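Report on the structure given below.
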Amino acid sequence: MNTQLLHIVQNMPKAELHIHIEGSLEPELIFALAERNGVALDYPNVEALRAAYDFHDLQSFLDIYYAGASVLLKEQDFYDMTAAYLAKAKADHVRHTEIFFDPQTHTARGVPIGDVIHGIHRACQEGPVSATLIMCFLRHLSEEDALATLDAALPYRDLIIGVGLDSSEVGHPPEKFARVFARCRELGLHLVAHAGEEGPPAYIETALDVLKVERIDHGVRCLEDAALTRRVAAEGIALTVCPLSNIKLRVFDTMKEHNLLQLLDAGLVATVNSDDPAYFGGYLNENFVAAFESLPLGLQHAHQLARNSFTASFLEPEKKQQFLDEVDAYFAAFNVV
Ligand code: ADE
Ligand code: ZN
């Protein structure tokens, strides 16, 4: 592998647009918080928990992911988790991150939604990188539950830039959440949704047409539908692709079979992200390295992916341009235009 290219990719300025903060909870922190909060875990130690991270699909991961999140009870827990992620992001030369959180996972256990949001937000304010919050609705729950969650979050509206849709995809199509997304749109929130990870390309289409999302999370199955691919490219809808996640959850058998390069070649605004880094074997740079080691990606692709990460962000235009200029200046040193 070209070590200079890897060095360039690791050090380039970048944004992360698909990170579930609960998925950044490392086993060591899970055990520390379990002890601090007196929560019993099903595993005797960190090694046993890590050994259970052997997933065969999205649901087998989600079962363990929700169990891990059960140790989060206090505002300080959410702060500690977020501060740990932001330190990792900084080390990976992330300049800006748009962080997903799942309030229903916590409110169902009696945690006040204000504690969830304040803890994450406090770490973002102190954090070493620019960070904003996207509140996700759990699609395996009802739309009524999502509407109630939105109501509960209204006092914190200004701390959130957008909403998303995550959890078990198949059997829970985007259109199930038409009303709650329409309300969020009226509130001026940005809209994203997971679609085309395990679910069919039709879910990408209804996420766009019914929910009116601005970005698709994952979206890798888009390429199964040529007309949809042309549309997503023409509309400049970004896809937040998560390479290591896709291998761990068996969306692709191996990284060599990952379609990131085909997505870029189709003219799609694809980005690279970590999804749930504590569970899938690495943070953002590990995702870039895994993709660049296995796929015929070069310097031009690195430059494109760094640009895409900011282009697809919900940053204000001026801030976005500053970061894009920083990316271009970084690559100018390597004679890439
Ligand atoms: N929640 C956390 N990670 C997820 C993923 N990859 N897909 C759907 N829901 C999630
Ligand atoms: Zn995700």
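Cβ from N, Cα, C; glycine included.
Its Cβ taken as reference, GLU197 (active site, proton donor) is surrounded by 24 other Cβ atoms within 10 Å in the chains shown. The active site, proton donor feature in TrEMBL is assigned to GLU197.
Summarising the environment of HIS20 (Zn(2+) binding site), the number of other Cβ atoms within 10 Å of its Cβ, over all protein chains shown, is 29. Look at TrEMBL and you will find HIS18, HIS20, HIS194, ASP275 tagged as Zn(2+) binding site.
What TrEMBL lists as substrate binding site is ASP276. Counting every protein chain shown, the Cβ of ASP276 (substrate binding site) has 25 other Cβ atoms within 10 Å.
Per TrEMBL, the feature domain 'Adenosine deaminase' maps to 13-329. For the domain 'Adenosine deaminase' (13-329), the predicted model reports an average pLDDT of 98.
As annotated by TrEMBL, site 'Important for catalytic activity' applies to HIS218. Around the Cβ of HIS218 (site 'Important for catalytic activity'), a 10 Å sphere holds 28 further Cβ atoms from the protein chains shown.
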Check: same-chain CB within 8 A of Zn(2+) site center, minus HIS18, HIS20, HIS194, ASP275:
ILE19, GLY23, PHE100, ASP166, ASP217, HIS218, THR240, CYS242, SER245, ASN273, ASP276
Where ASP275 (Zn(2+) binding site) and GLU197 (active site, proton donor) are concerned, what is their Cα separation in Å, rounded?
12
For ligand 2, pick out the recorded positions GLU197, HIS218, ASP275, ASP276 that have a CB under 6 angstroms away from one of its atoms.
ASP275
How many neighbouring Cβ atoms, not counting its own, are there within 10 Å of the Cβ of ASP275 (Zn(2+) binding site)?
29
What is the interatomic distance between the Cα atoms of HIS194 (Zn(2+) binding site) and ASP276 (substrate binding site), given in whole Å?
14
